[in-house]
Amino acid sequence: MNYTNFSLSDFFFLLRNLSILPERILVVTLITVIVTDLSNKGKNTDLLHRISATSMSISVVVSLCQWGIHSASVASENYRISNFSYIFRFFLLTCSLLSVLLSIDYIRCSKTVLAEFSFFVLAAGSGGMVLCRANDLVTLYVALEFSSLSSCFLSGHTKKDIRSNEATTKFLLMGGASSSFLSYGFSPLYGISGGQLQLDKTADRLPLSQYLVVICTSIAFTTAGTAFKLSLVPFHQWTPDVYEGVSPTPVVAFFSVTSKVAAPALFTRLFGLVFPHLSNGWHIVVGLLATSSMILGNLIAVTQISMKRMLAYPSISQIGYIMIGVLAADPENGYASMITYTFIYILMNLGTFARITSFGLRTGTDNIKDYAGLYMKDPVLTFSPVLRSPSLGGIPPLSGFFGKLYLFWHGWKAGSYPSVLVALVTSVISIYYYLKIIKLMFTGKNGRSDASTTYIQNSLVSPSISISKSSIEIAMIIRALASILPGILIDPIIGITRNTLF
């Protein structure tokens with residue numbers, strides 16, 4: 001009994017003092033994946049998948065245990081441990097884990113390289129986790145670049161695909177430009193604050209009366225750099241091109257959720273800690289960018305014919321919704337509305353890409369017209385979007401409705417009346433193109449007489465490999481139910497996310 005108590009006390013001491021233990025686990029796993037792949041010469045992909053999934057699961061458990069142990073906010077020179085950082089670190093781990101689980105069938109059937117996929121997912125996830133806790137400008141910038149470059153390389157890991165290479169080149173060039181904007185925004189802060197790097201100390205040392213023009217210039221460059229990471233209009237051009245050009249659908253799924261977690265965490269920590277005294281100014285600018293994103297994202301999505309490109313534009317509008325929660329933070333609720341909606345969006349969007357991955361494996365296409373009459377070919381594959389797409393649009397009683405209701409009500413109470421009104425109108429527009437796809441699945445007719453034959457012949461799956469239909473059906477059902485349960489449990493989720501203000 002004494003030995004058991006000693007072991008448990010040592011375990012909790014380890015969790016309490018190794019605050020970056022989940023990150024270390026991912027780094028060790030990253031090295032293990034590369035060594036294992038080199039020793040097996042890329043043959044045993046199932047082993048690599050098990051290693052990646054197991055390590056991420058362990059990291060999720062460790063992160064939750066640390067979250068339960070640390071109840072107060074603790075700041076050090078390089079890291080700031082708070083309820084906010086624990087929540088977003090958990091979100092990033094969940095996104096990475098679900099993306100790896102989503103990819104196994106695609107990797108196995110399309111015969112792409114799993115080692116590189118796992119390597120860059122682990123690298124991007126660990127960089128994003130450090131980003132959520134960084135407390136100085138250098139650590140923040142290095143973590144951001146580490147995550148961004150890993151995501152960029154991940155988009156181009158199918159080296160023989162011309163469209164993927166083109167998307168990666170655009171991503172790399174525009175990402176480099178945004179990083180230069182961000183560095184130009186950080187440089188004046190370092191100079192006029194007397195060489196301070198820590199975020200809170202930088203804010204205290206800013207001479208607002210003497211260098212107001214310099215500070216406003218820094219805010220402008222920082223806003224431009226973070227707006228690219230957020231895909232806010234007019235810094236959104238890379239998003240639809242990368243979504244459509246990147247051929248592996250699990251990679252697009254990973255982008256679609258991690259960018260909605262890491263980028264808002266970056267923006268919230270940076271502006272909430274460094275520029276709290278000038279919030280009235282940057283609130284107006286960010287509100288205009290968010291409103292433009294909601295309008296343009298939903299209007300252009302209506303005209304798309306590619307499923308992945310169509311989902312890229314709603315992702316631009318979704319980040320506009322999320323920014324309403326960032327601007328509506330208050331001492332009583334913190335960032336609860338933004339965090340709650342982000343959690344619901346992760347589940348809804350990953351489930352949507354699970355359906356697209358399965359459909360793409362069987363047909364080799366992502367054209368919306370090819371979804372016509374899908375109910376007659378695969379009822380289970382049709383069941384999933386029936387619940388998930390209306391949830392993304394915000395139709396009651398699904399979880400997306402409750403997430404948007406709390407988000408918009410919180411924004412309305414904070415005085416963001418124009419943004420909330422635009423969000424309500426554009427949400428109605430989004431319902432149209434989501435329901436249009438569902439209608440096409442049930443009532444649409446494929447104009448080609450050999451539609452069922454093409455459904456098999458264009459498949460990305462090798463003839464010698466069969467898709468485990470039972471596993472896909474189980475995954476579809478679980479992710480569809482995930483679109484309902486968070487709406488039922490929204491009160492406990494809001495209670496957990498309230499104490500998140502810096």
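Just so it is clear, glycine is given a Cβ too, placed from its N, Cα and C backbone atoms.
As annotated by TrEMBL, domain 'NAD(P)H-quinone oxidoreductase subunit 2 N-terminal' applies to 14-105. As annotated by TrEMBL, transmembrane segment applies to 20-39, 51-69, 81-101, 113-131, 168-190, 210-230, 281-303, 310-329, 335-354, 391-409, 415-435. Annotated domain 'NADH:quinone oxidoreductase/Mrp antiporter transmembrane' per TrEMBL: 134-430, in sequence order.
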Could you tell me whether the transmembrane segment (310-329) and the transmembrane segment (415-435) are in contact, taking contact to mean 3+ Cβ pairs under 8 Å with a sequence separation of 6 or more? yes
Which whole-number mean pLDDT does the model give the domain 'NAD(P)H-quinone oxidoreductase subunit 2 N-terminal' (14-105)? 80
So if I exclude everything within five residues of the ends of the transmembrane segment (310-329), which remaining residues of that chain have a CB under 8 angstroms from its CBs? That is, six or more out. 230-233, 236, 239-240, 242-244, 256, 259-260, 263-264, 267-268, 272, 283, 286-287, 289-294, 296-298, 300-301, 304, 335-339, 341-342, 345, 349, 352-353, 356, 368, 392, 404, 407-408, 410-411, 413-414, 416, 419-420, 423, 426, 430, 433, 501
Would the transmembrane segment (51-69) count as touching the transmembrane segment (335-354), i.e. at least 3 C-beta pairs under 8 angstroms with sequence separation of 6+? no
Determine which recorded stretch among 51-69, 113-131, 391-409 has the most C-beta pairs below 8 angstroms with the transmembrane segment (81-101). 51-69
